[in-house]
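As given in TrEMBL:
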type: BINDING; residues: C234, A235, A236, P237, G238, N239, K240, D258; note: S-adenosyl-L-methionine binding site
type: DOMAIN; residues: 126-260; note: domain 'SAM-dependent MTase RsmB/NOP-type'
Amino acid sequence: MALYATAATVLAAVEGRRGSIKGLVYASSFQNVKQLYALVCETQRYSAVLDAVIAGAGLLRAEKKLRPHLAKVLVYELLLGKGFRGGGGRWRPLLERHQARLKAELARLKVQRRVSRNEDLLQVGSRPGTASQVPRFVRVNTLKTSPEDAVDYFKRQGFSYQGRASSLEDLRALKGKCFLLDPLLPELLVFPAQTDLHDHPLYRAGHLILQDKASCLPAMLLAPPPGSHVLDACAAPGNKTSHLAALLRNQGKIFAFDRD
């Protein structure tokens, strides 16, 4: 199935430091971006666990034509995900031949680390990766709403607004349903790491942009006044371009390009 092959390609590029998950997913030709993004993120999150299970079960020794990153994606889907989607194509029978050994290896790993849930494997025997500790930054699309209205909406949903952050420690201390306003960017909200807003109504309506802080800095530093002409020579997947449009208040021109 194209989903698994594409996810393996993206995962290999991410681990080879050839780009971010988000950028590589959007640059791929796969249509269901949300599905692909979620699969790559979860596979990477369990990467160390999957490596241990695959090695212990001898999967790559038995299936010499199976690429390591594809094996990791497939084993995640078999053991930790929602099961093979769309039938799994030719990969399903291949993995099912090794299903018993893979499940046994996962069970052995849990016994060894004295845990009962898959999630607990992330915190025992290996530290969470740096990416899992980075707060979730969310840019308010000021062409559609205001930061104040977005904050009010989240507060009505039961989130606790902590005001403007004063230090990095404030960001690192975020937990549960608490969120802050970034100390530098007035339109950037900050949530605890791993907060998933892909199904949030404001995101689906285009009022929120899930954008890393580093990606927000170029437009902020350029600070083009309304009416400017701006050249964006590194435009994919488009978050910086849309940030520029917001700063220009849709007054001016943006020439957006990227390598094909």
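Glycine is treated like the rest: Cβ placed from N, Cα and C.
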Candidate with sparsest Cβ neighbourhood (10 Å radius) among C234, A235, A236, the listed binding-site residues: C234
Cβ packing number for K240 (S-adenosyl-L-methionine binding site), 10 Å threshold: 21
Model confidence over the domain 'SAM-dependent MTase RsmB/NOP-type' (126-260), averaged pLDDT: 88
Binding-site residues listed as P237, G238, least Cβ neighbours within 10 Å: G238
Among C234, A235, A236, P237, G238, N239, K240, D258, the record's S-adenosyl-L-methionine binders - longest CA distance, Å: 13
Number of Cβ atoms other than its own within 10 Å, given for D258 (S-adenosyl-L-methionine binding site): 14
DSSP-assigned states of the domain 'SAM-dependent MTase RsmB/NOP-type' (126-260) in counts, ordered helix, strand, coil: 43 helix, 29 strand, 63 coil
Shell list (S-adenosyl-L-methionine; ref centroid = CB of C234, A235, A236, P237, G238, N239, K240, D258; cutoff 8 A): G23, Y26, D232, T241, A256
List of residues, in chain order, with Cβ under 8 A from that of N239 (S-adenosyl-L-methionine binding site) and at least 6 apart: R139, I209, Q211, S215
